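Take a look at the structure set out below.
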Amino acid sequence: MPKAFLIDTTRCTACRGCQLACKEWHDLPANVTKQRGSHQNPPDLNPNNLKIVRFNERMNEKGVVIWNFFPDQCRHCVTPVCVDVADMAVPGAMIKDKKTGAVLATEKSAKLSPADAKAVAEACPYNIPRIDPKTKRITKCDMCFDRVSAGMQPICVKTCPTGTMAFGERDEMLALAEKRLADAKTRFPKAHLVDVEDVSVIYLLAEEKEHYYEYAGFM
């Protein structure tokens, strides 16, 4: 049975523990960044940050400042278009693991031409893949494939202190998502699940997706 994540943003405090744990587990170096007037750091996904917590600050109709936090990562699509696009250029550059549902960029992705690698990245409806300028490989969340294959949770899920993130069999996560949604609606009437049928990373949002991030949802 394929796996799935549930990311309940109503519980997220933007501690960024998931973001840091991901870097540590994948042994990725620190990024040198500059203050841009936002708490979001780094400003975007990059080859050294496969997961980031996005910050969206706005003022509601009552003049109250509202924060919306969005832990962004690859959605591990049920039907990943990135795999199809990559296969047309270099078969096996991107694959989907049948057992877990993880969408993975392999070492063959370094053989993609710059134009083909760009096409793979631009095919993603969630703007996830990045191209490592040093290795030329496509980089993105790999569902902690090594950990999951060994029966462990992804490191971001294990690290999360608030229960924002959950991981398990897809059917179990769908059931948990519906349960969490029912609870969230008692506090957030506009709460909803995003692109449930199309992805393996199910987001529960308290408000419209536009209040989180441009690519928070596709449908």
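Residue 1 is the first one shown; counting continues down the chain.
From the backbone N, Cα and C atoms, a Cβ is placed for every residue, glycine too.
Model, not experiment: these values are computed from the prediction.
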Using only what Swiss-Prot says about [4Fe-4S] cluster 3 binding by Cys74, Cys77, Cys82, identify which of Cys22, Cys124 is listed for that site too. Cys124
Let me know which member of Cys156, Cys160 Swiss-Prot also records as binding [4Fe-4S] cluster 2 at the site of Cys22, Cys141, Cys144. Cys156
Helix, strand, coil: count each for the residues of the domain '4Fe-4S ferredoxin-type 1' (3-32), based on DSSP. 12 helix, 6 strand, 12 coil
With Cβ-Cβ distances below 8 Å as the criterion, list the same-chain residues six or more beyond the ends of the domain '4Fe-4S ferredoxin-type 1' (3-32) that contact it, or say none. 39, 42, 46-53, 55, 67-71, 76, 100-102, 141, 143-144, 147-148, 154-170, 173-174, 176-177, 180, 184, 187-188, 191, 200-206, 212
Specify the nearest of the binding-site residues Cys22, Cys82, Cys124, Cys141, Cys144 to Cys160 ([4Fe-4S] cluster 1 binding site), where nearness means the distance between Cα atoms. Cys22
